[in-house]
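Here's what Swiss-Prot has on this protein:
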BINDING   His53, His55, His111, Asp128  Zn(2+) 1 binding site
BINDING   Asp57, His58, Asp128, His166  Zn(2+) 2 binding site
Amino acid sequence: MIDVFPVRAFKDNYIWIVHNQQFALIIDPGDATPVLAWISQQNLQPIAILCTHHHHDHTGGIPSLVQEFAIPVYGPANEKIPGMTHPLTGGDTLSFPELSLEFSVLDIPGHTAGHIAYYGQNYLFCGDTLFACGCGRIFEGSAQQMLASLQKLASLPDETLVYCAHEYTLANVRFARVLDPDNPDLIKLESTVEEKLKQNIPTLPSSLAVEKATNPFLRCDQPAIIHSASQHVGRHLNDPVSVFAAIRDWKNNFQ
């Protein structure tokens, strides 16, 4: 049986460990220390590292993990990932028979130019592109690129479990409620998220069904989001890219 465990790192990162009580994949290891401790405690044998993008809080632990376990490193072909042995582009497939797992690689640029996601068997590891009720900042791409990447992820089945890399959910929900105040799914989600955090339980994974109902960055064609974005910029916005760009910029400065 497959389990996905969140190893916490830094202030709010999750390093995901996909395992079957014997073998393990390590996803976006920004810090080796907590990973080494948990892997040792569980007596697991790592078989690969999977990276979504080059930012240090997703890759900083790779050299130590490779030194310890001598395992392959998968990552985006056009980004500098330390120790990368298997450069990937969208459309590639990965097979890990030890875990009976297969992943498809999706190109999802925007947060970084080469950002990729890993999708298979209802698991989506999407790094810093799609967050629970939010999305990543646009550092290397355009609003149009980022929206297209989010729409690509939103086209996956509703039951897909979303494993993003940061615990940003409550802040994202509070921003979403400003944009979409009468959305009953958001009101319910806020309560659920607050309760989980009170108990120190991760709010992830989310699901694409929940994201499509609550995430304003996936709902740029909805009247409530269009209205809020238009009011914020002081003019009517009539296309999803303009709405997306307006609310992404708003979120950058939202307190």
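Positions of Cβ are set from backbone N, Cα and C atoms, glycine also.
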DSSP says His58 (Zn(2+) 2 binding site), in three-state terms, is helix
Neighbour-count leader, CB within 10 A, binding-site residues: His53, His55
His53
Tell me which of the binding-site residues Asp57, Asp128 sits in the most Cβ-dense spot, judged by other Cβ atoms within 10 Å.
Asp128
Near His166 (Zn(2+) 2 binding site), which residues of its own chain have a C-beta under 8 A away, given they sit six or more steps off in sequence?
Asp12, Asn13, Tyr14, Asp128, Phe131
Neighbourhood of His58 (Zn(2+) 2 binding site) by C-beta distance under 8 A, where only residues 6 or more apart in the same chain count:
Asn13, Asp28, Pro29, Gly30, Cys51, Thr52, Gly127, Asp128, Ala165
Enumerate the residues of the same chain, Asp57, His58, Asp128, His166 excluded, that satisfy the criterion Cβ within 8 A of the mean position of the Cβ atoms of the recorded Zn(2+) 2 site; list them in sequence order.
Asn13, Asp28, Gly30, His53, His55, Gly127, Ala165
Within 10 A of the CB of His111 (Zn(2+) 1 binding site), the number of other CB atoms across every chain shown is 25
